[in-house]
Amino acid sequence: MAMLNQHLIDPQICIRCNTCEETCPNDAITHDANNYVVKAQVCNGCMACVPPCPTGAIDNWRQVSEADAYSIDAQFAWDELPSQQSTAQQGAGVSVPHRLEHLLDSGSDVLRGASAPPWSAARPHVNLYTQNAPATAVVAGNYRLTNETADSDIHHIVLDFGTTFFPVLEGQSIGVVPPGAAPNGRPYHARQYSLANPRDGERRGCNNVSLTVKRVIRDHDGNPARGVCSNYLCDLRKGDRLAVIGPFGSTFLMPNHPGSHLLMICTGTGAAPMRAMTEYRRRHQCDGAAGRLMLFFGARTPQELPYFGPLTNLPKGFIDADLAFSRVPGRPKRYVQDALRERAADVGPWLADRNTHVYVCGLKGMEEGVLLALRDIAQRHGLDWQRVWADLRREGRLHLETY
Ligand SMILES: Cc1cc2nc3c(=O)[nH]c(=O)nc-3n(C[C@H](O)[C@H](O)[C@H](O)COP(=O)(O)OP(=O)(O)OC[C@H]3O[C@@H](n4cnc5c(N)ncnc54)[C@H](O)[C@@H]3O)c2cc1C
Ligand code: SF4
Ligand code: SF4
């Protein structure tokens, strides 16, 4: 009997972030309104989707006979994974592909960012709380960050965990479970939000975190749409309680060795992890953190830039911040990749330095432009981009998070 090591996604943990579907080089992953699922006949076990999955939901395998492989329709209907059938039914010699090593050895270009954290990153806690067993947080504050006249409504939301253990690191994210049910009657799935606070709390020494949330009022095509979770979060009041899952993320983490430099490139709410890392370094400046910080931060207008005020107040010797605006009347459009190119003389030597760690976060559309700009800058400085690219990824020094 031909056996198959069938790749499955755990619907109880999956937060429907679409990362796996975008990553899979074989179009083996699809979804409906309920679940993300894997096409058994298409998946070749290449493992490209496993490291980027923020929850680990993707890393499930069941040994079944080929004739009994779970169909797409069966997977769409699941609320939980089926258990593994008895070992007597399992085929001998069917091996689970070995994930990370395979990817790194294959030289695959599919996994665009690094699949490993920086060598000196602290060890993160992940998946402590799940959709079935979430943590409860209390809203300690909810402030609009963007100017009232600005088109985009971005909030800074502080959540307090009281005496609940909820350890986080800069660059990690959490999931928020909106109350209520989707039109199909099922509970809403959790949405993911990057943390904007350093590990020692939004307020130093407190068991709290902060989020940078943009109220979604239009879909990606510009049509009116009321985003379920972002509107729920932006409307929360001080004292409200909410269900939180996570923390997530074990690679987009900051280095801790003193000489490490952070090259941070972000747009909009992608500022959240950059704020977390910057604040951590600011708080610990006196603890020997000698590395430098360079930030490229893009928004349509200055009014739409979260954390604009505090950022411009930080001394240049601590952080070299370059702000790029794409919709200021009377001024040419300037995107983060334009700013990077203009600062090639400063960025080039950083790319040659193995202490440099690059973080890109924000709108999906920025990724390609930013990577092309980095490539061009490397080449202008006589660096072999393929080599730089490979080193950055292998050494956990290039991290991308776009949504
Ligand atoms: C790793 C990761 C980190 C994230 N971090 C943040 C963060 O720090 N801050 C933040 O605000 N969001 C962040 N997001 C996005 C967030 O998870 C939600 O997708 C977003 O808030 C929309 O959820 P919603 O429930 O309001 O909209 P939904 O009800 O899920 O969607 C409503 C409609 O809006 C569209 N839509 C969804 N998101 C957007 C968007 N951003 N812009 C325009 N249209 C959209 C959908 O396609 C749909 O048509 C992150 C996502 C990922 C994967
Ligand atoms: S949580 Fe993992 S399995 Fe679910 S959609 Fe995201 S990447 Fe895919
Ligand atoms: S293992 Fe490879 S082929 Fe299978 S779903 Fe993941 S990325 Fe796609």
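Glycine is treated like the rest: Cβ placed from N, Cα and C.
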Residue among Ser120, Ser194, Ser250 sharing the NADP(+) site, where TrEMBL lists Lys214, Thr269, Ser326, Arg327, Lys333, Gly362, Leu363, Glu401 as binders: Ser194
Residues Ser194, Lys214, Thr269, Ser326, Arg327, Lys333, Gly362, Leu363, Glu401 binding NADP(+) per the record - widest CA separation, whole Å: 27
Binding-site residues whose CB lies under 6 angstroms from ligand 1, from Arg327, Gly362, Glu401: Glu401
Cβ neighbours of Ser194 (NADP(+) binding site) where a neighbour is any other Cβ within 10 Å: 28
Where Thr269 (NADP(+) binding site) falls in three-state DSSP terms: helix
Neighbour tally for Gly362 (NADP(+) binding site), based on other Cβ positions within 10 Å of its Cβ: 27
Per-region confidence, the domain '4Fe-4S ferredoxin-type' (36-63) (mean pLDDT, whole number): 87
